[in-house]
């Protein structure tokens, strides 16, 4: 509300105020303004501040303050930086930010902080913005104002996301203290914990999230108001309100970026490229702070002009009213402090009140105590009372003053001072204040010093002068400089002034007058400066040395010479036409061309540009040296008689002429885009096209010169003109060189007298030598000094150029001021200069060539750089003839005539023979061209098995020359002892039978499979590589031996022994090559079932080994049994507890040993009982006499035993019925019965095939085979016909092309004859003669060419007829081919129909598909009966195909795994390379540190040396000033004296010795010493220069080492990044390996299942083959039919449905592996590049080390040389001092 009220008040005040025109033209004033005096009766508008408070307008404080706006982070500030736009991430739209100085005017690249002031570039619609560095979250923008301002609000518009966190702070004491305005954050609690989020008072600091959301992503705003509208402000000038508004510095701190989270998982730098701060516009609204005492503000700098003011800029200095002053009207004016200062508010102006000082003071101050004491009426105390008054109101006189009673209190003379001269009075200037006649005191009389007199003590006594206050005596004797005083007459006693010489001034005649120097004893006293008018800024020089103020790069005392490597440019600015920017041809007269000429001084550059009629030359001129008028001169050369009448020139200016610049007054003379006509006289070489056109320095102009017509009324198509250059000649008559002084007038008269101006326009004009100096003066002025030579280091001999004109010393054949181009007739600009063109005089048009390539301009049919070869298609230079290549090649060898790049499979000198692998007759006119050898296929197919072939001239057939191992007419079969299938794409290989066959025998191997058939030496196998069954050994060495196996220990179920070792197949626990031994701790080999374990008891047996035959273990005492685990013999029981005797009856027991566990004895037959002492069951009698009971007992005993067994079984069956029922009990019986019934049913259903059906099928199969054979024959015949037609067409094309070449040759010859007639007139005599001779030779050959052309025409007619016949024949063949194709399609359809019947036929032969195989013909495992399984729907076929797919999958997986392993190895190698590079870089860094330390030590040594030299220089004893100056000059190691300085030094030396007596003798005696000093000086200078160079080299080494250190750091970072990437890639590869392994396991399982299925099918096949053998022939014929059908159908074995999932998985794995491989490859490349860079850095360091060592040696050598020189220099210096002391004593 307050701000709105202020704006309304200001607007109303402006509407009611009218400025006075006179007053508005007055300069702005600060402080109090005098009231304007208006004429009577004029309507007066009051000032807006006169009756109320007033305020200046608000605005954007950024405008006009780009230099006060800074940012802590700006993208592209040091180098271009890439950034991406988030909204374009799908297309990866990225751009470059380049904020370097050279892109300052490119808003698309430059995003400096100043771009936020305006939304677009001023004057355009191009948007501008500031942008920070990528990923940098802490960024600061700061505005530093030049004064205190009132700040109202801030608006920031972002180009990207608004910051996630930021705060605004300001300072009102110019940055000494800072205060935060407000925090902004997306999450205030997280970003600024503890900061309140509610605003209660205007001074509260709060945090808001209103302007920190993610949306919008572009053009989001952040708005801040200092005084929130929701809080009412009652007193706007309260201290806390003013503190909130006032501001001198503003700072925006951005602390956090909005990110999308992708940087959390991937920390690569690429992810940071889309996160940055960007501000398109920022408005800092405010006004200058004036506290209501000003309505407008002015710039701080009074020199700030209106032209420099930027629209909308708010200035900081208030234009104060109400008698206030200050930057912000914060205090009263010096004389308006009677009331305290207050800000104006509303209608109260609170103006400052004037103090009352009786007109004796101009300023006063406010005193609060005085103000209070006066009752708050007046508090002003006068400051610095004038007129010698004092007091609050200046009502009293000051001490040492007296009051004049005759004057009014306000009179300026009311208090009269004592008026004592302070220089001549004493007692602090006290005078008598009153007239006291009695005491003799006079008011105002002063007390004087000793040599001073007068009432005021202001006069020296006679003989004294120079009244000084610090002189106790007051005055001193007169002292005049004898060198500058005329006749040394002294000074005037009253004034003390001396009488000076002509060019001397000063009270003591001790100063030279302006524009003079060098006070001396000469009659004039000083010498004139005589500064060069062009080389110096003015004619003022140094009063001692006479050195003038030189323009840039000018030197010498008078600034008349350019510095070394600089020159004085020529006055005309020449722009060569040979390098013109554009040449536009508007007619049909041709384009511009370069005409090179040998320089002769009549033109500039390397020649001319030939310009035809209706053409325009465009010159771009951007090197204007000074803004001034110029004459635009065109230098040219006419090519024919007559003036060029119609020509125009247009000057295109880049922009408007600066009205304040040097061309402001002359801008209207020649406006832009105006066509100025001119003509070019044929007898002149130059013309002024534009007269006195003013051009401005620093701008680029275009001069468009249009050569319309040579004759204004007619066209001249052949008219051309040679243009040399566009030359700009400055109008020297307007320069200050010829204006403004007497000397300038003299120079102008001399310039006109010698007609120097003509040499600027006419190159052939020979000017007077005196013009050269005047031209140099003008050129230095126009170019503001000298220009650098810039001699091209490649084309010049040195860097030094001529001082006038700047021409460098060029190498051979190099021209140009800078030696930067080749001379006409040369080319190949390089270190050795340029090479001569050497254009062939016969083959080239002239002697000039291309400056870069050296290509000469060749005449027709010639070729080569020097035009010394024939064109392609010709040979035998200079008599170029057409190449004879039988139509198979377009070019031939230019010297030999050998055809090059023969086509159509031909070769030879004239392409007259066929290439290897081809046969035929390639000669011109033959109908049989070179055809590929088909043995059995062409060489290109890779299926050729012959060394070549040839044409059988008897029948025009092909004869193949078969390679070893092939035979047949087309090498389509394998020779004896070779195998393969060469006719179907295979090859023949030598049978490998391991030298186990008779090589002289035939049929050693199968020609299809290569399996050996006649193995010898007891060998077997496909390659006789194995021993036969029952034999072993190395079959390759023919030493197979028969196996010898022990029949007891050999496993007879395994047929044979090992073929290689002879190891027999042993039974269990049997060992030995012959299987004749039991294994350790085993026995019983004689069992024939292997050996049993001894099982010796570990407690009762002594050893584990038992007897190998009986198995008896060796028992301990008290143990027995075979295994020693029982009691000893004839005892039983547990041996570990107690053994008891057997007690077997000796008559009834068969053995005295009883059962060792139970004690039961083994009885004889018929004997029983525990001890075998009674008759057994079934026997009767009295022991030991027992006999059997008989047959009856035995029969009943058997019956009872059977019934017992049956009863037991019945009980068990009953239990099963109770559990599972009756059927469960008889499951096996029911199953067997079911099988038998099903077998009978199958036999009844599967016997329905008759013999008639089989015969019918056989007939149809044979018919189909015959039809296919006939189709193959017709196809072969058609292919042969097509080949013949193609060859005929090729021959016809060759003949037609030859005819066309001859026709073009005739036309070219005719054209050349016509052109030669014209060229004879323009060329020299020798060239014309050569052309004439050449033309005569060609004319002589025309008759021959005519005959050849006639013959070719006849051949063409014949060929046309032949082509017509061939076309008819081709048409017939095409019809036959179409019929054949139709028949093939019919056969294919019929074959398809037959194929579709095959499953039904198989059903008829084999039974229903899917049934199990039976004894008759098979079933599900086959497609037809008998033989081997081959049907496509059988289980074995599916299994084989599935097995194949699994194996392919396994192969692919293996391949991918190998690729992954290879990638891992590559990554490992890359990591090793990176590690090696890191180690190298580390070693280089350590080595660079050592070099740095050594360099620092040497630098310190050099510094010590220089300190010693300086100390030596400073330690000088007192000597005459002349000797001291000479010694100082001698010790100055950086002596670079110009000739004038040397002369001055000589003059000083002469003056120094002028007062000496016997000067000649002194000079004679000291001459040797002086010579030695001079020599020492030159040696010291040379030593100093070498030391400086060494120091510079050392500094460069240090800088290079620093750069290497920085590069080392970058290399370390890059290596770390590479290691990180390698680790990531390794993790990816491990994942790929795991996934590959997981995919491999199912594939292996599938392979195992398929293998099992194959075994089952094989078993099934064996069962089928045992069945019906009568159907074997039928099966064979059906298999042949199916084979033919599958060939006709193509690829029918594809199992995409079964393997699609596997293929997709493998494809995914392959893709991921490929990605990983590419990533690894990139890492390897980066590591390799890093290695290369590191090696380069190491090489640079090694080179620097070499340089350092060399320089160090030089420094040591120089130190050794400097020591004796210093010693000798000291001796001579002592000698000079002694001589000087001697001469001084003589003088005194």
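One-based numbering along the chain as shown.
Just so it is clear, glycine is given a Cβ too, placed from its N, Cα and C backbone atoms.
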*Here are some residues: 591, 1365. Which is flagged as N-linked glycosylation site in Swiss-Prot?*
591
*Pick from 1540-1561, 1562-1583, 1584-1605: which stretch is listed in Swiss-Prot under coiled coil?*
1540-1561
*Quick one: sort out which of 1136-1162, 1406-1432 is the region 'Domain alpha' according to Swiss-Prot.*
1406-1432
*Out of 548, 883, 902, 911, which of these disulfide-bonded residues is nearest residue 1127 (disulfide bond) by C-alpha distance?*
902
_Return the residues near residue 1043 (disulfide bond) by Cβ distance under 8 Å, restricted to its own chain and a separation of at least 6 in sequence._
1030, 1031, 1032, 1056, 1057, 1062, 1064
*asked:* Tell me which of the glycosylation sites 232, 1051 sits in the most Cβ-dense spot, judged by other Cβ atoms within 10 Å.
replied: 1051
*In the domain 'Laminin EGF-like 8' (883-932), how many residues does DSSP put in helix, strand and coil?*
0 helix, 12 strand, 38 coil
*Averaged across the domain 'Laminin EGF-like 6' (789-836), what pLDDT does the model get? Just tell me the whole number, please.*
91
*For residue 591 (N-linked glycosylation site), name the DSSP secondary structure in the helix/strand/coil scheme.*
coil
*In whole Å, note down how far the CA of residue 529 (disulfide bond) lies from the CA of residue 801 (disulfide bond).*
29
*In which DSSP state, out of helix, strand and coil, do we find residue 541 (disulfide bond)?*
strand
_Of the recorded positions 138, 789, 1051, which one has its Cα closest to the Cα of residue 1139 (disulfide bond)?_
1051
_Within 10 angstroms of residue 892 (disulfide bond), Cα basis - disulfide-bonded residues out of 531, 837, 902_ = 902
*By CA distance, which of the recorded positions (232, 355, 541, 902) lies nearest to residue 415 (disulfide bond)?*
355
*Can you tell which of 849, 1057 has the least company, meaning the fewest other C-beta atoms within 10 angstroms of its C-beta, among these disulfide-bonded residues?*
1057
